[in-house]
Amino acid sequence: MGQQKPQIRSTTVLGVLRDGKAALGSDGQMTLGNTVMKHSTRKIRSLYQGKFVTGFAGATADALTLLERFEAKLEAYSGRLDRAAVELAKDWRTDKYLRRLEAMLAVVSSDKALIISGTGDVIEPEDGIVAIGSGSMYALAAARALMKHTTLSAEEIVRESLQTAAEICIYTNDHIAIETL
């Protein structure tokens, strides 16, 4: 038996669109195997002159490589989010080097929310909520409930939902970073 590579679980990223506003946030925990390595990792960033916010889940070096490629696609396609996302997904799926990268991206603009995966998927959820990472399903469930039953802002929904995920998922903490559009 060979030694198994420790699995890196590092994130919960959540994006919400509401009332013409967008917010995307993440927790700050990074774990390696069953050890917390860092509490305040920043996994979100603004792109294309502040018109988009993106977050990543997965292996950090892989995600940063994909973020660089995505930013280049946004530049190449004059900030057209759909086109840049599809072109990145095509490259990611077909390029021999890129398809080995283990990460996912969540992207929001003021009117659109997308998930971009390494399997070539570009997903635009109908409800304007995107969630990726180890605690994503907890954050997604909380965000959907808050969207239906409250008048909280996009930023407040992201904060409360990530807090809920942090209370449930051992790979998610409450060092929350949020960017809004």
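For all residues, glycine too, the Cβ spot is worked out from N, Cα and C.
The following features are taken from Swiss-Prot:
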type: ACT_SITE; residues: T11; note: active site
type: BINDING; residues: A166, C169, T172; note: Na(+) binding site
Report summary line: Rounded to a whole number of Å, the separation of the Cα atoms of A166 (Na(+) binding site) and T11 (active site) comes to 10
Report summary line: Taking only the CA atoms, the spacing between T172 (Na(+) binding site) and the residue listed as 'active site', expressed in whole angstrom, is 6
Query raised in the report: Do any residues at least six apart in sequence from C169 (Na(+) binding site), in the same chain, have a Cβ closer than 8 Å to its Cβ, and if so which, in order?
Result: T12, S134, G135, Y138
Query raised in the report: If one looks at the chain holding T11 (active site), which residues at least 6 apart in sequence have a CB under 8 angstroms from its CB?
Result: S26, D27, Q29, M30, T41, K43, G55, F56, A57, G58, I132, G133, S134, G135, Y171, T172
Report summary line: A166 (Na(+) binding site) has its Cβ surrounded, within 10 angstroms, by a count of other Cβ atoms equal to 22
Query raised in the report: Relative to the Cβ position of T172 (Na(+) binding site), how many further Cβ atoms are located within 10 Å?
Result: 29
**Report entry** A166, C169, T172 excluded, remaining Cβ within 8 Å of their centroid (Na(+))
**Finding:** T12, D27, Q29, S134, G135, Y138, A139, L162, A165, E167, I168, I170, Y171, N173, D174
